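S.K.: Please see the structure below; I have some questions.
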Amino acid sequence: MKTLPLTLVVVTIVCLDLGYTLTCLNCPEMFCGKFQICRNGEKICFKKLHQRRPFSLRYIRGCAATCPGTKPRDMVECCSTDRCNR
């Protein structure tokens, strides 16, 4: 009898939308294992590749409110699901 109220509480907590926070990878290496929790308003994960000189790439990853712009020799990929900026 006591398990029914407990079950209802658990189901209610699981079903409620308690707020969704996006997580994105955030490190300068090619293979990244670190991630960050995005702040309120940041709904985009991005990966920017910048070619500094031939055969030298710099990786920049993180959260953003909008997809970052590009400059010459940059490539930017944006996405909107957890850890999608691999």
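Numbering starts at 1 and runs along the chain as it is shown here.
Just so you know, glycine gets a Cβ as well, placed from its N, Cα and C.
Okay, so Swiss-Prot annotates it like this:
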type	residues	note
SIGNAL	1-21	signal peptide
DISULFID	Cys24-Cys45	disulfide bond
DISULFID	Cys27-Cys32	disulfide bond
DISULFID	Cys38-Cys63	disulfide bond
DISULFID	Cys67-Cys78	disulfide bond
DISULFID	Cys79-Cys84	disulfide bond
S.K.: Would you find the one among the disulfide-bonded residues Cys24, Cys27, Cys78, Cys79, Cys84 whose Cβ has the most company, meaning other Cβ atoms within 10 Å?
M.R.: Cys24
S.K.: Go through Cys32, Cys45, Cys67, our disulfide-bonded residues, and report the one whose Cβ sees the most other Cβ atoms within 10 Å.
M.R.: Cys45
S.K.: Which one is it, among the disulfide-bonded residues Cys24, Cys27, Cys38, Cys79, that lies nearest to Cys67 (disulfide bond) by Cα separation?
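M.R.: Going through Cys24, Cys27, Cys38, Cys79 one by one, the closest to Cys67 (disulfide bond) is Cys79.
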S.K.: Rounded to an integer, what is the Cα-Cα distance in Å between Cys45 (disulfide bond) and Cys63 (disulfide bond)?
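M.R.: The Cα atom of Cys45 (disulfide bond) is 5 Å away from the Cα atom of Cys63 (disulfide bond).
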